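Student: Have a look at this one before I ask anything.
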Amino acid sequence: MQLYLAVVVLLFFIHHVSLIPIGTEAEALEYLTQLGYNKCQSQSKVLCSINFSSILRDYQQTFGLEKTGKLDEPTIELLNTPRCGNADRPLSSSVLALTKSKWSKTRLRWALRNSSSRISHAQSLNIIRDAFEHWIKHTPLNIEQVCPTCEADIVFNFVPVDGPSGTLAYAYFPEDGRVHFDSAENWIERFDHDGTNLFLVAVHEIGHALGLKHNTKDKQSIMYPTYQLMPKGDILPNTDRKWITDKYGGIQFDCTWPRYDFTNRDLDFAEGEHIWASGYTFRTVALKSRANGKFVAAEHYGSLPLIARSDAVSEWEKFEIVPVDENLSLIALRAVVNKMYVAAESGGASPLIANRHQISTWETFQVVKLADGTQALKSMANNRFVCADNNGNSPLIANRDSVSAWEAFEIIPQ
């Protein structure tokens, strides 16, 4: 019985039934009750001692409207604006007792169970992965993507909610982790007014999944309840950064590097060749593929997968060797061009790309010495060797069980 009540209360807390279009007092009262503005939580004027005008004035004040207490044009327009389905205010203290303000662990996994018919599954994964990065780069959280059917802490689904507009999506607070996008919405990748941008909504809902509530005081906040188009570059203003770091703690990027004393210690990868680290300044190297004699590049400033097709070394071809364990047996590669770690994406199922702020299993590699003096990189994500596939004409990917010329690299200090 206790579990049943908990489920009922949680569903009420994140009520996603929309009444749009809203035009009458009865419709508005029901909707405002769902959003947490009706303190008595009854939709009956007889049972509720708080009159409708009082509830409406509270809503108007929250969003900076004139407090008329009437369903005037600006209020009706706001009530019908597409938004997140989560309540703006907790509906009761019993609800708060059933939810946590944050995850009790810092290593989380996420999965996308399905996708919209308007955006491919692969691109939806990229969008959600990018949305996560905007949160975790400010925190010590380590959040990894897993397969669609794998067990995960945060699970994304596209489901029918209320048709186009109205409720765009809603999310459950820690440690539930469900995030639902309305499958009826016109989801788009572009940042324009021709549809609903999936990235913007994903960043907002991930905020809820990490424990953040709505911010009704700052319209520039990504946690503002209603949908609004905003530039991707400034997606998290200082308000949101403070909220997430207050909850999970902040991070200095150098603090993600192992705090071992590497002074005067060498990383001896090949006979007569030393790639060393002194203090916290790590050696910069280039990777030259034995398959085609070309250098590995994080092209377009790291936005594209790594590929071995450069004839010379520029910033795109430089990587920092970052020791991962105290014995110096495992390393990470940090692209100089964007200061991001190289990841064996999707647990090694996708090409290597320099797009991570932190080191986890996907960003960890073992350097294996080969008889000819070159080295192979073995991904700890799947225990397979990194390959300059198709003789170097395809992006690097960790998908080989044995080593040939395609899996051999020269690690050249710069």
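Glycine is treated like the rest: Cβ placed from N, Cα and C.
The active site feature in TrEMBL is assigned to E205. Under the heading Zn(2+) 2 binding site, TrEMBL lists C84, H204, H208, H214, M223. If you look up TrEMBL, you'll see D162, G163, S165, D182, E185 marked as Ca(2+) 3 binding site. The Ca(2+) 1 binding site annotation in TrEMBL covers E185.
Context for these features, please: burial, neighbours, distances.
Tutor: The 10 Å shell around the Cβ of E205 (active site) contains 27 further Cβ atoms across the protein chains shown.
Taking Cβ-Cβ distances under 8 Å and a sequence separation of 6 or more, the neighbours of H204 (Zn(2+) 2 binding site) in its chain are C84, A169, I222, M223. Taken residue by residue with DSSP, H204 (Zn(2+) 2 binding site) is part of a helix.
Look at G163 (Ca(2+) 3 binding site): DSSP puts it in coil. Cβ neighbours within 10 Å of G163 (Ca(2+) 3 binding site), excluding its own Cβ and spanning all shown chains: 13.
Within 10 Å of the Cβ of E185 (Ca(2+) 3 binding site) there are 25 other Cβ atoms, across all protein chains.
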Student: Have a look at the binding-site residues (C84, M223) and report the one with the fewest Cβ neighbours inside 10 Å.
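Tutor: Ranked by other Cβ atoms within 10 Å, the binding-site residues C84, M223 bottom out at M223.
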Student: These are the binding-site residues: D162, D182. Which one scores highest on other Cβ atoms within 10 Å?
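Tutor: For the binding-site residues D162, D182, the Cβ with the most other Cβ atoms within 10 Å is D182.
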Student: Taking the Cβ of H214 (Zn(2+) 2 binding site) as the centre, count every other Cβ atom within 10 Å, in any protein chain shown.
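Tutor: The Cβ of H214 (Zn(2+) 2 binding site) has 22 Cβ neighbours within 10 Å.
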